[in-house]
Amino acid sequence: MSTYTRPVMLLLCGLLLLTLAIAVLNTLVPLWLAQANLPTWQVGMVSSSYFTGNLVGTLFTGYLIKRIGFNRSYYLASLIFAAGCVGLGGMVGFWSWMSWRFIAGIGCAMIWVVVESALMCSGTSHNRGRLLAAYMMAYYMGTFLGQLLVSKVSGELLHVLPWVTGMILAGILPLLFTRIVNQQTQARHSSSISAMLKLRQARLGVNGCIISGIVLGSLYGLMPLYLKHQGMANASIGFWMAVLVSAGILGQWPMGRLADKFGRLLVLRVQVFVVILGSIAMLTQAAMAPALFILGAAGFKLYPVAMAWACEKVEHHQLVAMNQALLLSYTVGSLLGPSFAAMLMQNYSDNLLFIMIASVSFIYLLMLLRNAGQTPNPVAHI
């Protein structure tokens, strides 16, 4: 059976359109709030409400998938996200936008859980690495193209909202032409997120998602600030961020194939070691281009490989709950990482950004080295 089936390809096409919309809004919302003369702390609170929505959406989407299936859950998630987008046009204000971004955050998290769970349930232990690589390539490509759109079109609120909303609704269309079967509905026993988080054999995967959240959240959120403090102009900052994201895109497919062929544990060990090397190289500031490239190529692939590791340790009917637990772990890491790194940078030195990334990666590497090997016959093999 082909890895990239028709439902998988249509699902990824829809994700690409939705990710474009997410990238555009995540970039422009803080700018719109600043133009409305809201204080910085309120802009930060609006951003936090979006991530809080992510947490909430992650928690209940598994139940929703079990009740109404993948397709309808995807439609509902997209409509919630579209509502959060349309609502921004009503009134620019702190409480109003905090509410609408919370709603948008719920919708976005639901989309991620549905897409990731559908891919996990569509694949086997032999091809999940490639499926998740394709997922991350679509996600990062959408993010990259979204940034290009922001630089090419009008940034006025009432000019942007109509076509972004249209793009969200267009993201629903591909799934109208296929049906993704939810094999969980036949399972007698449902699994909870807390049970998945406590599962001993999947702990390396859960920890990997937390570490991935810390690393990527810190790079996304604080790398521009680090480069700004190095005296770079906005154009240069954009170039180096493009190098970072492009490396993440290019590293997805080969890493996914290697993980399927040689095992996730070995690939995770190599990836984490490369992240440490890239972080140390950034401290020297001698060769920023190769340092950023290897940091992006290895760091951006941690999440899908760790996810594939955890998902092969559970029964097939537990995959949705496990995916919720992993996305929740990643979200927690992406909230904690930038906050802690920003505090270190403000009080001590900007270089502590990379020291922190190297330190948490080293801790995870020790966890990986303690594991003697992989399960020879993964549980979720069908």
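A Cβ is built for glycine as well, from the same backbone N, Cα and C atoms used for every other residue.
Listed in Swiss-Prot:
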| type | residues | note |
| --- | --- | --- |
| TRANSMEM | 8-28 | transmembrane segment |
| TRANSMEM | 45-65 | transmembrane segment |
| TRANSMEM | 75-95 | transmembrane segment |
| TRANSMEM | 102-122 | transmembrane segment |
| TRANSMEM | 131-151 | transmembrane segment |
| TRANSMEM | 157-177 | transmembrane segment |
| TRANSMEM | 204-224 | transmembrane segment |
| TRANSMEM | 231-251 | transmembrane segment |
| TRANSMEM | 274-294 | transmembrane segment |
| TRANSMEM | 325-345 | transmembrane segment |
| TRANSMEM | 349-369 | transmembrane segment |
Please figure out which one of 45-65, 157-177, 325-345 racks up the most CB pairs under 8 Å against the transmembrane segment (75-95).
157-177
The transmembrane segment (274-294) vs the transmembrane segment (349-369): 3 or more CB pairs under 8 Å
yes
The recorded stretch from 8-28, 204-224, 231-251, 325-345, 349-369 sharing the largest number of CB pairs under 8 A with the transmembrane segment (157-177) is 8-28
Same-chain Cβ contacts of the transmembrane segment (45-65) under 8 Å, 6 or more residues past its ends?
26, 29-30, 33, 38, 73, 76-77, 94, 97-99, 101-110, 112-114, 117, 182, 184, 193, 320-321, 323-324, 327-328, 331-332, 334-335
Are the transmembrane segment (231-251) and the transmembrane segment (131-151) close enough that 3 or more Cβ pairs fall under 8 Å, when only pairs 6 or more apart in sequence count?
yes
Which residues, given as numbers and ranges, are at least 6 beyond the ends of the transmembrane segment (325-345) yet have a Cβ under 8 Å from it?
51, 54-55, 58-59, 109, 112-113, 116, 193, 196-197, 205-207, 209-218, 220-222, 225-226, 303, 306-307, 310-311, 352-353, 356-357, 360
Winner by Cβ pairs under 8 Å against the transmembrane segment (349-369), considering only 8-28, 102-122, 204-224, 231-251
204-224
